Amino acid sequence: MAPTAPPILDFSPFYGTDGAAKAKLVQQVRESCEYNGFFQITGHRIPRELQVRVMDAAKRFFALPLEEKMAIDKNLNSFNRGYELLRSQMLEVGTAPELKEGLYIGEEIGADHPYYINGRLNSGPNQWPATVPDAQEFRETSMEYYHAVYELAKDVLAVLALTLDVEESFFDPLTEGGVATMRMLHYPSQPKDEDEKLNRGIGAHTDFGCITLLLQDEVDGLQVLDAPSGQWLDVQPVLGAYVVNLGDLMMRMANDRYKSNIHRVINKSGRERYSIPFFFSGNPDHVCKCLPNCCKAGEQPKYPPITVEDMVRGAYKQSYGRAEAYKKELAEKAKAHKIEAASATAMVS
């Protein structure tokens, strides 16, 4: 069978009363999870008008001067909120740090919240840009959208529970008090002749947490690896749809029955690209262990239990550590080159 891009599924039967249509949706999601963990959904409950507003908000933020964006640099705090500069992250070994900038937003966690006090995963107050046009509307739209997608993530997890032949409510302990990160992302256009082996909008990687729900604009660039054929498949934007993919934590809980698949972004369109992924991790203290019907009788799970906090925090450290190591290596090479050049000049004179 020729490889095909992730299927586009009508999610509306989840909300309806047609049992056969709902069973068909569950089977389609199950097949997608077993193949490569990617699918797109339409027929959800997030209004198109809200999607348009939040995408417009993202564009207003990224149009700000760099110094104004850097005023909320996420490196100024320990809870992963705020602005991320271009080339800050490196997910694919052997490439340059990534050609994207972002704004990280999550649930508002005040200084008196136990998550903030105890330094839990990605938990703290949002770092809002002071100079973005219509600043109050920017904040309100961002949080309205965050909460809407959080509810959709819960619905997707309910369908995932049904694919495992357990109750829709199975993942409720994971979603109660769950941590999620919404990123507004901007990919500058890459020159068409730029070395795509080195330059990525986002390098080839798998996501860290449970599930991701991605809102794309009309500019393509997202590619999913079809493992059996080794081909990269374009995930064409579908107006109003969400690209859903499973993360490493879900694959681990599913004992590798379900897949967290490799994907990347290469923006060779000649245009700027914007997207808003929503990364759902879960309650930081939730202990993730082998899910029902994912381990054959008499077999041991492949992985020991792990908390959401430990799994996701470890993955973050790795990807950002690679970028810093790469920059350090470049600086050392530049320094060595200067020393060599100075020595050569001295010998000539």
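Cβ atoms are placed via backbone N, Cα and C, with glycine included.
The record from Swiss-Prot ties HIS205, ASP207 to Fe cation, and of the options HIS186, HIS263 it ties HIS263 to that site too. Regional average pLDDT for the domain 'Fe2OG dioxygenase' (178-282) in the model is 90. Residues near HIS263 (Fe cation binding site) in space but far in sequence (CB under 8 A, at least 6 apart, same chain), listed by position: PHE38, ALA204, HIS205, THR206, LEU222, GLN223, VAL224, LEU225, VAL235, ASN245. Within 10 Å of its Cβ, the residue among the binding-site residues HIS205, ARG273 with the fewest other Cβ atoms is HIS205. For ARG273 (2-oxoglutarate binding site) paired with ASP207 (Fe cation binding site), the C-alpha to C-alpha distance reads 20 Å.
Listed in sequence order, ASN245, LEU246, GLY247, ASP248, SER260, PHE279 are the same-chain residues at least 6 apart in sequence whose CB falls under 8 Å from the CB of ASP207 (Fe cation binding site).
In terms of DSSP secondary structure, the domain 'Fe2OG dioxygenase' (178-282) contains 6 helix, 46 strand, 53 coil.
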